[in-house]
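Presented below is the structure to which this report refers.
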Amino acid sequence: MAGNLLYVSMSSYILYFYTDVFDIPVSAAGMIILIACIVDAVSAIFWGSIVHHTHTKWGQSRPYFLWLAVPFALSTFLAFTAPNISGVPKLLYAGITYVLAAGVIYTGIQTTISAILPNLTLNPNERIGANSYRMVGSLIGSFVTSTFTLPLVAFFGNGNDKHGFMMTIAIFGVAAIVLLITAFKNMRERVPVSQKSLPFKQSLKGTVGNVPWYLLVISFATFWIAQADRNSFSTYYAKYNLGNAELAAVFNGLQVLGIISSISIPFIVRITNKTATMLIGLGIGAVGQTMMALVGGNFILVIVSWSISVLGSALAMSMPFAMLADTVDFGEWKTGIRAPGFLTAVGSAFCIQLGSGFGSFIPSKILDMTGFVANKTQTPSASMAINFCFIWLPVIIYAIVAAIMVFYLKYEKMEPKIKADLVARAEERDA
């Protein structure tokens, strides 16, 4: 929840902030986000190594909730600050602050949130449950940010969006600090881990033959192209295609419906499996997106279609976080090396950052090529581009991700044997 209060502010509104508030050309804004996200994705690998080398009385991952809380809030505030500069200095300021906020610092938080799961419990059902609670909190944070950001910007800015964004992000930042410290105080890492620091080369060896991990990394990074695209382009679609920018708050606020999907995950997994649950989510998401293309400008039907898409995408988005913990077990079973920090850092933070970068860059290039001009009436080609990016691009990506995840199922069927073998090995070591 704490992470999404600030990260969703960036993933949903930073492109809009750059083009319509900070007056950065859309092509330059897209390039800034892409470069920053690539840098950030690489930093995720190093965060995984940092977690492996962390040994404190609080555990490996938990202390970073405390250590990164204030830097995360401050860097995000700076990213949404628009100083009176122009030209290259403006682009450098935007790039540096975005790298710090969305990448270096948030990547650290995202890495530790994911890396802590396999250290909380070895029970797969408890992992699914813990991940569901996490996703519910995440969606509540997304709902608060998505629903209230633009109204708060208008309220505090009173016509000055620069000031409005600063005040709004400051409020979200204080709330995020409180929530991260609360999480730090109330969580415990219970699974014993080796007190020896795992060298980076050993972490890499932990990926050898870990096919399910490779499948998750590729599919999750691809999925986040669609997720970032949908988040950032809801504002453009509402403002330029539906004629009311404030409707973006409705689109984004409806993300809270994803809580229904998150709560239902343990039940759906019990009657199917994790792979099927993700495929169901992708299918529902694609149906909802397609319906939006068919209902035209009927706002009620657009909202119904979007709600269906939200339910599906939330279901699909939740699963890789839980499945990554299983790939950590697979890696240990296959290689004898348990590398939760590295595997979850690349599998979550790296994928989110890389996918988000391309999810902003690709649509921004499409807009630039079709003649988009901020705060103006758009040409038919630009309107069609916004429509394609918001509706059809996610459908294409969902189909690609589904095709990849079909191959994961055979490895999921191996999990009972893997868990039993790991327990037997641990008993032999302790004997």
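Using N, Cα and C of the backbone, Cβ positions are placed for all residues, glycine too.
Annotations in TrEMBL come from automatic prediction, not curation.
Taken from TrEMBL, the feature transmembrane segment applies to 28-52 (among others).
Feature annotation from TrEMBL assigns transmembrane segment to 64-85 (among others).
Look at TrEMBL and you will find 91-117 (among others) tagged as transmembrane segment. Residues 3, 6-7, 10-11, 14, 18, 22, 24, 28-29, 32-33, 35-37, 39-41, 43-44, 47-48, 50-51, 59-62, 64-65, 68, 71-72, 75-76, 78-79, 81, 83, 85, 127, 130-131, 134, 180, 187, 189, 321-322, 324-325, 340-341, 344-345, 347-350, 352-353, 356 of the same chain lie 6+ residues outside the transmembrane segment (91-117) yet bring a C-beta within less than 8 angstroms of a C-beta in it.
If you look up TrEMBL, you'll see 138-157 (among others) marked as transmembrane segment.
Look at TrEMBL and you will find 163-184 (among others) tagged as transmembrane segment. Sequence-remote contacts of a segment are chain residues at least 6 beyond its ends whose Cβ falls under 8 Å from one of its Cβ atoms, and for the transmembrane segment (163-184) they are 1-3, 5-6, 9, 13, 17, 21, 58, 62-63, 65-66, 68-70, 72-74, 76-77, 79-82, 109, 144-145, 148-149, 152-157.
The transmembrane segment annotation in TrEMBL covers 204-227 (among others).
Note on the transmembrane segment (247-269): residues 12, 125, 128-129, 131-132, 135-136, 139-140, 142-143, 145-151, 231, 234-235, 237-239, 277, 280-281, 299, 303, 306-307, 310-315, 317-319, 322 of its chain, located 6 or more positions outside it, place their CB under 8 angstroms from a CB of the stretch. Summarising the annotation, TrEMBL assigns transmembrane segment to 247-269 (among others).
What TrEMBL lists as transmembrane segment is 300-321 (among others).
Residues annotated as transmembrane segment in TrEMBL: 342-362 (among others).
Under 8 Å from some Cβ of the transmembrane segment (382-409) lie the Cβ atoms of residues 212, 215-216, 218-219, 222-223, 225-227, 229-230, 233-234, 236-237, 240-241, 273, 275-276, 278-279, 282-283, 285-286, 289-290, 292-293, 309, 313, 316, 323, 362-363, 366-367, 369-373, all in the same chain and six or more residues away from its ends. Among the features that TrEMBL reports, transmembrane segment is placed at 382-409 (among others).
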For the transmembrane segment (300-321): best-contacting stretch of 28-52, 138-157, 204-227, 342-362, by Cβ pairs under 8 Å:
204-227
Applying the under-8 angstroms CB criterion, which one of 138-157, 204-227, 342-362 scores highest with the transmembrane segment (28-52)?
342-362
Same-chain residues near the transmembrane segment (204-227), Cβ under 8 Å, at least 6 residues beyond its ends:
11, 313, 316-317, 320, 323-324, 326-327, 330-332, 334-335, 337-339, 342-343, 346-348, 350-352, 354-356, 358-359, 362, 393-394, 397-398, 400-401, 404-405, 407-408, 411-412
